[in-house]
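Let me begin by presenting the structure, written as C-alpha cells, before commenting on it.
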Amino acid sequence: MARFRPGQRQRSRYLLFIGIIATIFLYTYLSTDTFSSPAYDTKYYTRHSLNRPPKSWIPRSSIQIQYDFKAKGNSGGDAAKAQAVVDVMKRTFWKYKLKAWGMDEIMPITGGYQNTRNGWAATIVDTLTTTALMGLEEEFLLELNYTINGIDFALAQGLVDPFETTIRYLGAMVSTIDLIDESVVRRNLVTPAQRDLLLEKAVRLANLLGPSFDSPTGMIWPRLNFTSGQGCIEADGEKPYPDLAEPVIGPARAGSNYLENKVLSKLTGDVKYVRNATRAWAPLVWNKNPEAMPGLIDSPISIVSGAPIEKHRSWGAGHDSYYEYLIKAFLLSPRDRHARKYRDRWLQSVESTMKYLAVRGLPAAGEKKGKVFLSQFRNGWLLNEMGHLTCFAGGNILLGGKVLGRQDIIQLGLDIIDTCHHTYINTATRIGPESFAWLPEAPSKATYQPEGEGQRLQQEKMGMWISDARWMLRPETVESYFYAYRITGDPMYREWAWDAFTSILKASTAEFGYAEIGDVTHPPGPDNQNDKTESFWGAETLKYLYLIFADESVLDLGEWVFSTEAHPFKVMD
C-alpha cells in the first residue's frame, strides 16, 4: 500500500506546528534558571533575599556599566599621565629587545634572561595587546612579526602549563585579532594576510593544547607533554602534593579557559574549542559534590573523579579566576545557553563570600572602623590571611554588582578595593605586599596571630600585618582601581592609581627595565630589588594603569570583557 503523502497545505501546517513546538521548547530551555538560593544574612551587609534579574534579562547597549562621564561633564582622559605610562611601556619593550629578544623574560638588573614559559617569548606575545592598545605601532609590528614567524609552539622547553599558556599566549593572540577586527588597531596597519596568519598560529597552539582536556572528567591536566601529546602531572619539585599520585588542580585551572576558547570558536567557526572549555569547568559549575558554602568550591580537585581532596575555599591563588570568569562569561556572550547559569553561580559564590568569608578586622590606631578582608576557609579553619592576588576581587565583585543592580555587592567590592589601597599607602615604598593578615573583631577566632614585635606593631598601626613583604610587579590592585574609576567615575581612584604608579617607578626602575621589590617595608632602592620581570608587568599592570588615564571610551566596559591576563575580548551579542 502506498505511504500517505500530505498535500502542500497540510505539509505547511505540519511544519508550522513543529516550528511552534520547537520554539516553545527552546525558549523554556534557554530561559530556565538553574538554581535557587536561600536568603542570607551578614553583619556588615544589608539583608536581602536573592534578587535575581528577571529571566529575560540580558545586558544590552542601553545598560550603562560605566559611569556616564559625558553626561556629568567630566569626559576625557588625562593625556599627560596616560603618556607617562606609555613611556614606561616603551622603555620596557626596548630594554627587553636589547637584551632578551625572543626569550620569555628579561632579568632587569643584570640584563640576562629567563625562559620560564616554555621559551616561546612570553613577553612578546603577552604584551601584544598592550602595544596595540597604546598605539605603539613600531613595537606592535615587531611583536606581531615575531609571533607569526619566530615561534614554533610545537617546540616546548619542558612540560607545558595549560593554564599559563592559555591566558598568556592563546588569550593574547585571539584578543589581538579582536582588536584588529574592531579597528582598535589602526586600519591597514595589519594586512589581512598577517591577521589570518596570527589566527593560524592561535589555532595551532589551541590544537596542541587539546590533549590537556583529555581527562576522565574533562577537567584540564596540570601539565601537558607536547612531545607525546599527553596530559601529565607536574614534574618532581612542582607537585603541590608530592605523595599524591592522582592529578589534582584548583578551580582556577579548570575555569580559566572559557573566555579564550569561546572567542577562538567565534573566530574560527569551530565549536570544539568552547566545548572543551565548557566541559573543563562543568564539574564546578554543575557541581555534584556538597557545597557547605553554596557556590564556593572545595579544592584541590581530582581530575579523575571530580571530587575534592581537601576543603579549601578562597578567592586567592588557585581559585581566583574561576569566580572571575563566571560573571565575565555571562557578559561576553549573554545569549549563550549557559549564560544565566554562569551568572547565577557567580552570584551564589558572592553571597556565600559575604556570609562566610568577608570579615571586618580590628581598626588601626586612631580609626573607628576596621577594614574588610576576604578570609580563606581550609579544612575547618577560617584563615585570616589574604594575598595581593585576591585584590582583583574588589574590581570583579564591583563589576558584577553593577551589572546585577546589587548595591550591597557593589559596596563589598568598594570595601575590598579600599582595603587593598590601605596595604599600599602604609608601607615604606607605598606598594602593597604579596600577602597580609589581620585580627578580626573577635581576635580569639583568628587562626593566625602576629609573631614578634614588628608584626604586633604593624597590627596596631595599620590594622593588619605583612606576612610576605615582596611585590612581584602584580596588577591586581591597579586592576581594581580601573574598574572602580570606570564604574563610579570617582577621581579618587585615578589619584590612587597615580600614587601607585609613581611609587612603582621609584622602587622598581632598574638598568634594563623594572624589577620586583624585595621588601615593601624597606626604603626603595637598587638593594631592594629582585632580578625578575614577569610578562604580566607589561600585559596587565601597565595596561590597567594606562586605561585609568586614557579616555573612558577606550575599551568601554559595556563593549569589552577582559581576561584574567587583561586581554580584551569584544562582547559577542
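Using the three backbone atoms N, Cα and C, a Cβ is placed for every residue, glycine included.
According to TrEMBL, the protein carries these features:
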- GLU164: active site, proton donor (ACT_SITE)
- ASP320: active site (ACT_SITE)
- GLU434: active site, proton donor (ACT_SITE)
- GLU476: active site (ACT_SITE)
- THR564: Ca(2+) binding site (BINDING)
- CYS391-CYS420: disulfide bond (DISULFID)
- 12-30: transmembrane segment (TRANSMEM)
Checklist outcome for this item: GLU164 (active site, proton donor) has its Cβ surrounded, within 10 angstroms, by a count of other Cβ atoms equal to 18
Checklist entry - Want to know which recorded positions, from ASP320, CYS391, CYS420, GLU434, are within 10 Å of THR564 (Ca(2+) binding site) at Cα; which are they? => result ASP320
Checklist outcome for this item: Rounded to a whole number of Å, the separation of the Cα atoms of CYS391 (disulfide bond) and GLU476 (active site) comes to 5
Checklist outcome for this item: Across every protein chain in view, the count of C-beta atoms other than its own within 10 A of the C-beta of GLU476 (active site) is 24
Checklist outcome for this item: Note: among active-site residues ASP320, GLU434, least Cβ-dense neighbourhood at 10 Å is GLU434
Item to check | Other CB atoms, at most 10 A from the CB of THR564 (Ca(2+) binding site) | outcome: 25
Checklist outcome for this item: Same chain, |i - j| six or more, Cβ under 8 Å of CYS420 (disulfide bond); the result in sequence order is HIS388, CYS391, GLY394, GLY432, GLU476, THR477, SER480
Checklist entry - In angstrom units, rounded to an integer, how far apart are the Cα atoms of GLU434 (active site, proton donor) and ASP320 (active site)? => result 15
Next on the checklist: Can you give me the Cα-Cα distance between ASP320 (active site) and GLU164 (active site, proton donor) in Å, rounded to a whole number?
Outcome noted: 14
Checklist outcome for this item: CB neighbours within 10 A of CYS391 (disulfide bond), counting all protein chains shown, number 29
